[in-house]
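First up is the structure itself, then whatever we jot down about it.
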Amino acid sequence: MDEAGSPAPAGTGGGDDPGGSTRETSRRLSREQIFVLVSAASMNLGCMMTYSILGPFFPKEAEKKGASNTMIGMIFGCYALFELLASLVFGKYLVHIGAKFMFIAGMFVSGGVTILFGVLDQLPEGPIFIAMCFLVRIVDAIGFGAAITASSSILAKAFPNNVATVMGSLEVFSGLGLVAGPPLGGLLYQSFGYEVPFIFLGCIVLLMIPLNLYILPSYAQESDPGKQSFWKLVTLPKMGLLAFVIISLSSCFGFLDPTLSLFVMEKFSLSTGYVGLVFLGLSLSYAISSPLFGLLSDKMPTLRKWLLVFGNLITAGCYMLLGPVPLLHIKSQLWLLVLVLVVNGISAGMSIIPTFPEMLSCAYANGFEDSISTLGLVSGLFGAMWSVGAFMGPILGGFLCEKIGFEWAAAMQGLWTLLSGVSMALFYLWEDSTARRRSKAQNSLGTEEERAALLPNDT
């Protein structure tokens, strides 16, 4: 697409061009756009279900096999580390591989290894079990990294003026996957044992592949990104701060995977099935609130940055209350824990949804062209930074819970989002101040030029 037809600085990334966004939303969705939505929704739902089923029962099962809390955290965390590497590679080479092929292949790998994870309980306890858990999770992460990178790029290409709205709406399906995964996994585990949850959900993902092969459109490959350097993108100051925001939010989610279920079981003596319902508070509120924040981000782009900032600050407060931190002298109660998780889900949607369009706007404002290659780079960066946090969260969470307990560990986790929220607030205030000074200087220069032009006429 040439520069005249490019929605890059304006429409892309959240509706900086209200006119373009209105024209886009006023038209009915094309058949191709509907198919893209169906494909992305099926991937979000299936992969999030397979990702989230581990929470309620795997930590306890791994303990039986001789894994420590730190090792369990590393099993959760290695997924994110290799999703990070996969996102960087696949984002860079999206143009060469092809978005549709990458999407389908990623789903196939993820579904297949999920089934394999279901037979790991047949292995002897100790190093063999732990090593195979790492191996299967690593391959699953590579598959998911491919699928999510391709999905983000396809969505941004199909909906250039409504990225936040579409991604926020699709987070409903991510949320549904996160909502359905833990209770469904816990129920199947209690009823049928370790194998059935993985085999059942792995088969669901594999059954979605023929549908996506048929309906997902193929976008014409463009030229090599060439000068569109990933490192140029990453070294932009605003992009670096946005990356820090993503890492801090992702690490908060990752922190809960190996720690929350054990804390709830020990503190409130809940069964595995009820632990899955506790996870429901976070996932359901995130799924419900995400479309609203996506719509707000596109319709009111100036509000986007403050949604991001306040979402981070609220998330920090939630993690202080999750234990709660002993300094507050508040008794830990189940209703309070669930309430905090619900608020955390809303604040997470407030922070996460505006981030991707902010990244796109930053890239386009700094000379990156509107193309599938740029979308691949931004999608890869988003996925990579999310994976950094998702890698650090479980490992640090498992380690800190062993050393200082869940209450203090959660409070320390909240400091991440507090720091990222304050950093972004300071940057946006500086950015606004700089823009105002530049505007005043331009107005002053224009006035001087007008006066100079009028002087000869007065004489």
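Cβ atoms are placed via backbone N, Cα and C, with glycine included.
Per Swiss-Prot, the features are as follows:
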type	residues	note
MOD_RES	Met1	N-acetylmethionine
REGION	1-27	region 'Disordered'
REGION	440-459	region 'Disordered'
TOPO_DOM	55-70	topological domain 'Extracellular'
TOPO_DOM	122-127	topological domain 'Extracellular'
TOPO_DOM	189-195	topological domain 'Extracellular'
TOPO_DOM	257-274	topological domain 'Extracellular'
TOPO_DOM	328-333	topological domain 'Extracellular'
TOPO_DOM	401-409	topological domain 'Extracellular'
TRANSMEM	34-54	transmembrane segment
TRANSMEM	71-91	transmembrane segment
TRANSMEM	101-121	transmembrane segment
TRANSMEM	128-148	transmembrane segment
TRANSMEM	168-188	transmembrane segment
TRANSMEM	196-216	transmembrane segment
TRANSMEM	236-256	transmembrane segment
TRANSMEM	275-295	transmembrane segment
TRANSMEM	307-327	transmembrane segment
TRANSMEM	334-354	transmembrane segment
TRANSMEM	380-400	transmembrane segment
TRANSMEM	410-430	transmembrane segment
Touch test for the transmembrane segment (380-400) and the transmembrane segment (196-216), at least 3 Cβ pairs under 8 Å: no
Of 71-91, 196-216, 334-354, 410-430, whichever stretch has the most CB pairs under 8 A to the transmembrane segment (101-121): 196-216
Recorded stretch, among 128-148, 168-188, 334-354, 410-430, maximising Cβ pairs under 8 Å relative to the transmembrane segment (307-327): 410-430
Result, the transmembrane segment (334-354) in contact with the transmembrane segment (275-295) (3+ CB pairs under 8 Å): yes
Contact between the transmembrane segment (334-354) and the transmembrane segment (34-54) (at least 3 Cβ pairs under 8 Å, separation 6+): no
Selected stretch (most C-beta pairs under 8 A with the transmembrane segment (71-91)) from 34-54, 128-148, 168-188, 196-216, 410-430: 128-148
Considering the transmembrane segment (34-54), which listed stretch of 128-148, 168-188, 196-216, 410-430 counts the most C-beta pairs under 8 Å: 168-188
Stretch contact, the transmembrane segment (168-188) with the transmembrane segment (196-216), Cβ-Cβ under 8 Å, 3+ pairs: yes
Surrounding residues of the transmembrane segment (128-148) on its own chain - C-beta under 8 Å, 6+ positions past either end: 43, 47, 50-51, 62, 65-67, 71, 74-76, 78-87, 90, 102-103, 105-110, 112-114, 116-117, 120, 379, 383, 387
PLDDT averaged over every residue in the topological domain 'Extracellular' (257-274): 78
Positions on the same chain near the topological domain 'Extracellular' (257-274), where near means CB under 8 A and six or more residues out: 54-57, 59-60, 69, 72-73, 75-76, 183, 186-187, 189-190, 332, 334, 337, 393-394, 397-398, 401, 406, 409-410
Helix, strand and coil totals (DSSP H, G, I; E, B; other) for the topological domain 'Extracellular' (55-70): 12 helix, 0 strand, 4 coil
